[in-house]
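Below is one structure, written out as structure tokens; comments come after it.
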Amino acid sequence: MDMRLNPSILAADFANLERDLARISSADFAHVDIMDNHFVPNLTFGLGMVERLQQVSPIPLDVHLMIDDPDRWAPGYAEVGAASVTFHAEAATDAVALARRLRDMGARAGIALKPGTPVEPYLELLQEFDQVLVMTVEPGFGGQSFIAETLPKIELLRSAIRRSGHDIWLQVDGGINEETILAAAGAGADTFVAGSSVFGADHPADKIAALRAAAASHRH
Ligand SMILES: O=C(CO)[C@@H](O)[C@H](O)COP(=O)(O)O
Ligand SMILES: [Fe+2]
């Protein structure tokens, strides 16, 4: 099974994003957290910033929308060239229609679930998505601790993805470090977002390699 390691630039230096994107060029995607101060109690940046990051990033962008009304706003991120656009199930009015629209625009379509959101309603719809993001912290802030109670949801999704026969990426986001990545990989995650553990390291490239090696050692 392929795996991906996506550093979150939420933990980068916002005054030096081009420099920090260069520091993670050995990663698969740069994870970009969009927060609107409504869906989550924090605010980051929006479409204009993503358009510019897209122009200077050495690796493709994995956009995570923590915003209200993604049905209206998500296609704009596909339009500026984000490789993947993930919106929250709790915020979308018509998740399937939105995912189809994102795919038509050439982006990978992702659906995200907060720690307390059950996955069962989505298990029959998995083929509509290219990736599913299981939040392993409450969305809104970096630097929180991994919530181990999310592991059964990851296991359930891994089984359902396997049954579906589709190549759907299973992403975890929040509190991922060299210890917690073992549990997430063991439960079946194959795509790992890590913010503070990568950018808090003296050498982000070495941390990316260490996280990859840890995940590979516990591959499902
Ligand atoms: O979406 C989010 C937070 O809501 C994440 O992408 C964070 O940026 C992850 O940060 P760490 O927990 O790895 O510090
Ligand atoms: Fe995120």
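Glycine residues also receive a Cβ, built from the backbone N, Cα and C atoms like all the rest.
Since this is a predicted model, take the numbers as computed values, not measurements.
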Of His64, His203, His218, which does TrEMBL put in the divalent metal cation site with His31, Asp33, Asp173?
His64
Could you list the residues of the same chain, at least six apart in sequence, whose Cβ is under 8 A from the Cβ of His64 (divalent metal cation binding site)?
Ser8, His31, Val32, Asp33, Ile34, Thr86, Gly110, Ala112, Leu133, Asp173, Val193
Less than 6 Å between Cβ and the nearest atom of ligand 2 is the rule; apply it to the binding-site residues His64, Gly140, Gly142, Gly175, Ser196.
His64
Given the divalent metal cation site His31, Asp33, His64, Asp173, its other Cβ neighbours within 8 Å of the Cβ centroid, in chain order, are Asn6, Ser8, Leu10, Val32, Asp62, Val63, Thr86, Leu133, Val193, Gly195
Beyond the site residues Ser8, His64, Gly140, Phe141, Gly142, Gly143, Asp173, Gly174, Gly175, Gly195, Ser196: chain residues whose C-beta lies within 8 Å of the centroid, for substrate:
Leu10, Ala11, Asp33, Val137, Gln144, Val193
Listed in sequence order, residues with CB under 8 A of Ser196 (substrate binding site) and six or more positions away:
Ala11, Gly142, Gly143
Residues with Cβ closer than 8 Å to the Cβ of Gly140 (substrate binding site), same chain and 6+ apart in sequence?
Met35, Val40, Pro41, Asn42, Met66
